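Features as listed in TrEMBL:
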- 17-286: domain 'Tr-type G' (DOMAIN)
- 26-33, 94-98, 148-151: GTP binding site (BINDING)
Amino acid sequence: MLDAATPNRPNLPAEIARRRTFAIISHPDAGKTTLTEKFLLYGGAIQMAGQVRAKGEARRTRSDFMQMEKDRGISVSASAMSFDFGKFRFNLVDTPGHSDFSEDTYRTLTAVDAAVMVIDGAKGVESQTQKLFEVCRMRDLPILTFCNKMDRESRDTFEIIDEIQEMLAIHVTPASWPIGVGRDFLGCYDMLHNRLELMDRADRNKVAESIKIDGLDDPKLAELVPAHLLEKLREEVEMARELLPAMDPAEVMAGQMTPIWFGSAINSFGVKELMDGIAEYGPEPQPQSAEPRQIAPEEDKVAGFVFKVQANMDAKHRDRVAFVRMASGHFKRGMKLMHVRSKKPMAISNPVMFLASDRELAEEAWAGDIIGIPNHGQLRIGDTLTEGEALRVTGIPSFAPELLQGVRATDPMKAKHLEKALMQFAEEGAAKVFKPMIGSGFIVGVVGQLQFEVLASRIELEYGIPVRFEATQFKSARWFSGPKAAQDKLVEANKQHIGYDNDGDPVFLTRLQWDIDRVERDYPELTLTATKELHGE
Ligand code: G4P
């Protein structure tokens, strides 16, 4: 087992140095859920594999809305789970699984230091893998790859590696090399530690002991691997060492190289080696960009930021949980932190941590950890909490929606209630809500069509307001910044194009690209943006 000390960050407290905060990205069906179960199994967080799924199902059957998620194979309720692996504390942040929720996914990825990319050995890089990978790349996140389902007929190993290199433009270094495929899949040769890992087909939850060998000419190999597979292994490993780049931790750290492990999550094979990889190349909690200065995890003072807000997690309580990534220090339950946006102190008396999907009170948390803070709406995405310093975490954007629709309550008496419901979803980050300057009703913006349906069922289910979405002439929205006089002039001359977001900031609602070109031409001193930094003023 590796030592958690980090020689390049000598001031990092051991408790922080041992933390690894990461997310799993994959195309649906590649094996993310199965891999998560096995992680938790190794982490001792659950006794038996299958519980994540079983609990997930129980949770999902709770309401029609949840049923809809299930039918469509999407998971909207993301959470974070913590578990120990040897000397390490792993924090696994769940990414929403559907491409319609890319904005949510982006924000989730602002809370992690690395990502594990799971691909199906028969399918290679799929559309969703590629999209999520691009999001990771925007943040230069280190990415570790797990090529799953090697117990099934899979593609040629070199072909898989080439595809990743070409489609994702990243160097790939084999951390392990598969021996046989499909029914012949025996296990892997560990390229980093010169070990043989053989799969135990008899017991899916058992991890076979690794076998130390002395290079590929070790006579022991012939006793363990049939001659034809051994010959192929020797040839391939020799070729791989010649043609593929060798492991370079600095390149992995910079997001320019991904090590790949081959395995079979369902057979618990290759998972431990991947976890060792996360421990070794993870990396430890990284500094967080903020204004007016960056926040280093090793600072004594506590700081953290909200990257996700989830409402109505418990149908019985109208509470919301703000998910906070701790950026620095050692947090203890009951601490008073300053909510920088409102400049008000907040006593954090009942924070929760999510241990294998069960909520527990978090007595303490270190930089790198994710805690959930129940609140009544004070905490919004992008908010920073500190021990008093006016720091604002940066880099958590709000994207311009790609699809806009008008929304009305079918019962006009409920218009006021609808406004409240919409504002809540806007704060949660589930949609953009604009109140047009002229006319009644609201305009709701999302990044994927499916979100309208999800919203309609949530508004009806959680607030008892039946609603109707209807077409609008607007196609997108732009925030604008620049001299106040020019902003006022733009608003005054284009009232029918102006709306206000849930923070009260004006946006320019556009029908065509031509609208944007026109404003840029007529108001050269203003800057139009498709994103808005969420750190609230
Ligand atoms: P996801 O969360 O990425 O969508 O994938 P999930 O883990 O649910 O896995 C998708 C399917 O692939 C599941 O089968 C799962 O059992 C299977 N699977 C996962 N890992 C492996 C593996 O290493 N080898 C093989 N052969 N299959 C694997 P399913 O039939 O959809 O569900 P279930 O009935 O098995 O639960």
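Glycine too: its Cβ is placed from the backbone N, Cα and C atoms.
Listed in sequence order, the binding-site residues among Ser26, Thr95, Met150 whose CB lies under 6 angstroms from an atom of ligand 1 come out as Ser26. The Cβ of Ser26 (GTP binding site) has Lys32, Met117, Val118, Ile119, Gln128, Thr129, Leu132 as same-chain neighbours under 8 Å, each 6 or more residues away in sequence. Ser26 (GTP binding site) falls within a strand segment according to DSSP.
Across the domain 'Tr-type G' (17-286), the model assigns an average pLDDT of 84. Taking Cβ-Cβ distances under 8 Å and a sequence gap of 6 or more within the same chain, the neighbours of Asp29 (GTP binding site) are Asp120.
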